[in-house]
Amino acid sequence: MFHHISVMLNETIDYLNVKENGVYIDCTLGGAGHALYLLNQLNDDGRLIAIDQDQTAIDNAKEVLKDHLHRVTFVHSNFRELTQILKDLNIEKVDGIYYDLGVSSPQLDIPERGFSYHHDATLDMRMDQTQELTAYEIVNNWSYEALVKIFYRYGEEKFSKQIARRIEAHREQQPITTTLELVDIIKEGIPAKARRKGGHPAKRVFQALRIAVNDELSAFEDSIEQAIELVKVDGRISVITFHSLEDRLCKQVFQEYEKGPEVPRGLPVIPEAYTPKLKRVNRKPITATEEDLDDNNRARSAKLRVAEILK
C-alpha cells in the first residue's frame, strides 16, 4: 500500500485558482494527495485527468479517491504524451495542470523497485514497469564515456570519472546486480574525505541513473511545453521540483514563454503574435514551510513555480 505525504499540497493546488466546474490534469498522480485536495473543491461538473506511468500508483489512487471516481479519468502513460491523451479524450483545453516531480516516497520505500541506496535490491529504477531499460542495463552495458556524462550531467557528481572507472573494473569481473553492490563501488570512487560530506555518497549517482532510466528531464521538457499550449487563457500551471536540474529547466521554459518572440523594430503597435504567452506568478520559487519539513524531510529541496497563461 502506498503511503505518501504530498509536499506543499495546499499551495500547489491553491495557486491554480480552482474553478469548481473546471477540468484539471494531475501529471504525476503518485499517492493522490494533491488529487484528493483538488477534487474536494470541484462540483459534479468538474473533472480531473490523473496521469501516472506507474500502474501501482494508479491502483492505489483508485482506493484513495474512491468517493470521487465519477469525476476522475485515470491514464497509465508518460506525461510527455499530454497532447495525445487530451486528443483521445476529446478535450481541447483545460483550466489547469500541475506536476509533482521526482520519485514518490512509496517508490523509494519499496526496496524491490531499486530506487533506494539504503535497501538491497536488483538495479531496476523504472517508474513504468513495462519499459525495457533498467539501471542494470546502464550500469553493466553503457560505455565509460556515457556513464561519466550522465553522472556529471544528471547527478552533478564531481567524481564521475573515478566512479565510472570503478564500475568498469568491477563489471569486467562479473555483472553488478544489486543496489548495495553499486553503493560499495561508488564509495570506492570517492575520496574518503569527500565521502563524509554532502549526504549519502551514492545519492548523486542514484539520482543520475533514475533520470537516465526514465528519461525524466526530456520527458518533463516535452510535457511542460505541451501544457503551455493546452491550458486556457487565465488558467495556470503549478510545478514542484526536487533538484536543481528540474528547477532550472522549469524556470528557463517559463522565462522563454514570458519573453515572447523578439519584436521587429519600428512597429507602431505590437501584434499579438509578439506578446508573451504566459506570466510567471512567482518570480522566486516557493519553498516548503516548517510544517511541511516536520511532516516530510524530503520536502527540504522542493521548489514550487507557477505560471498563468495569457493567450
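A Cβ is built for glycine as well, from the same backbone N, Cα and C atoms used for every other residue.
Annotated features in Swiss-Prot:
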BINDING   Ala32, Gly33, His34, Asp52, Phe79, Asp100, Gln107  S-adenosyl-L-methionine binding site
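Everything Swiss-Prot records as a feature, shown here on the structure.
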{"residue": "His34", "record": "S-adenosyl-L-methionine binding site", "contacts (Cβ under 8 Å, 6+ apart)": "Ser6, Leu9, Thr12, Ile13, Asp26, Tyr98, Asp100"}
{"residue": "Asp52", "record": "S-adenosyl-L-methionine binding site", "contacts (Cβ under 8 Å, 6+ apart)": "Thr28, Leu29, Gly30, Ile58, Ala61, Phe74, Val75, His76"}
{"residue": "Phe79", "record": "S-adenosyl-L-methionine binding site", "contacts (Cβ under 8 Å, 6+ apart)": "Cys27, Thr28, Ile51, Gln53, Tyr99, Ala219, Phe220, Ser223"}
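Within 10 Å of the C-beta of Gly33 (S-adenosyl-L-methionine binding site) we count 20 further C-beta atoms, all protein chains included. Secondary structure from DSSP puts Ala32 (S-adenosyl-L-methionine binding site) in coil. For the recorded site, Phe79 (S-adenosyl-L-methionine binding site), the DSSP three-state label reads helix.
Summarising the environment of Asp100 (S-adenosyl-L-methionine binding site), the number of other Cβ atoms within 10 Å of its Cβ, over all protein chains shown, is 27.
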